[in-house]
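Engineer: So Swiss-Prot lists these for the protein:
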REGION    1-86  region 'H-T-H motif-like'
REGION    87-217  region 'Riboflavin kinase'
BINDING   GLY96, LEU97, GLY98, GLU99, GLY100, ARG101, TYR197, HIS198, LEU199, ARG200  CDP binding site
BINDING   THR125, ASN127  Mg(2+) binding site
BINDING   SER184, GLU192  FMN binding site
Amino acid sequence: MSDECLIAKIVYLSLQQKEVTQQMIADELKMSQQSVSRKLKELEERNLVRRSLSKEGEIIRVTENGEKLLEDCLSMMRATIISSHVLEIRGRATSGLGEGRIFLSMPYYMESFKKFLGFEPYPGTLNLVIYDRISLENRLVLDISKAINIPEHKEENRVLGAVRAFPASVNDLKPAAVVFPLRSVHPKSVIEVISPYHLRKELNIKDGDEVVIQAYA
């Protein structure tokens, strides 16, 4: 495991727990404590982590140098993403619960998509389930890519959550966009696509059909 991945795992655990112990890291990585201890010692010698003893065991904290290493790694990933521009995601069409229709019936979102994406979407989303590893990796890359951001909007008695969007094509049809509402209940393996077209009708898409998305990041 690379130093960056181990540091990222420690940071991830620290977001869930007040203190991260060596045992927690070993359990999370399914590695022996001896192997984890050797790796942590190397990181400590490079001033990337600090180790201290407590009644819970050995506590691990990431240093400023460790955080900087992680930030540099993330910057390189972003640079790679920017240079690639297009991310292909394949998925199979699936019926949603009607949430997309409700979401797109709200004037704020309709007006915002028209303003930021240049089109007024059909009142409904095309939901796709990602089924292959490369497509899922590309989907996850979008999480750290620069998106078109629809800001959160406060109304009198409710708050409409922010949305991240990426211009896209659907089976080569444009315009369209992949959208990620920040309050979505969907897992990472499900994406929502909007377009001014009724995509199922326009492209004759049925549940289970493979759909190819080209997302522009």
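Any Cβ shown, glycine's included, is placed from N, Cα and C.
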Engineer: Please give me the CB contact count at 10 A for ASN127 (Mg(2+) binding site), counting all chains in the structure.
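Structural biologist: A count of 21.
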Engineer: Provide the three-state DSSP residue tally for the region 'Riboflavin kinase' (87-217): helix first, then strand, then coil.
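Structural biologist: Counting residues by DSSP class gives 31 helix, 49 strand, 51 coil.
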Engineer: Looking at the binding-site residues listed here (SER184, GLU192, TYR197, LEU199), whose Cα lies nearest to that of ASN127 (Mg(2+) binding site)?
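Structural biologist: Smallest Cα separation from ASN127 (Mg(2+) binding site) among SER184, GLU192, TYR197, LEU199: GLU192.
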Engineer: Across all protein chains in the structure, which of the binding-site residues SER184, TYR197 has the highest Cβ count within 10 Å?
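Structural biologist: In terms of Cβ crowding, the pick is TYR197.
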Engineer: Tell me the Cα distance separating GLU192 (FMN binding site) from GLY96 (CDP binding site), rounded to the nearest angstrom.
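Structural biologist: Checking the Cα atoms of GLY96 (CDP binding site) and GLU192 (FMN binding site) gives a distance of 9 Å.
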Engineer: Using C-alpha positions only, work out which of the binding-site residues THR125, TYR197, LEU199 is nearest to SER184 (FMN binding site).
Structural biologist: THR125
Engineer: Looking only at Cβ atoms, how many others are within 10 Å of the one on GLU192 (FMN binding site)?
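Structural biologist: Excluding its own Cβ, GLU192 (FMN binding site) sees 22 Cβ atoms within 10 Å.
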Engineer: Distance check, please: Cα of LEU199 (CDP binding site) against Cα of THR125 (Mg(2+) binding site), rounded to an integer number of angstrom.
Structural biologist: 9
Engineer: Which has the fewest other CB atoms in a 10 Å radius around its CB: GLY96, THR125, LEU199, the listed binding-site residues?
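Structural biologist: It is GLY96 that, of the binding-site residues GLY96, THR125, LEU199, has the fewest other Cβ atoms within 10 Å.
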Engineer: To the nearest whole angstrom, what is the C-alpha distance linking THR125 (Mg(2+) binding site) and GLU192 (FMN binding site)?
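Structural biologist: So the alpha carbons of THR125 (Mg(2+) binding site) and GLU192 (FMN binding site) sit roughly 6 Å from each other.
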Engineer: Mean pLDDT for the region 'Riboflavin kinase' (87-217), rounded to an integer?
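Structural biologist: 90, rounded to a whole number.
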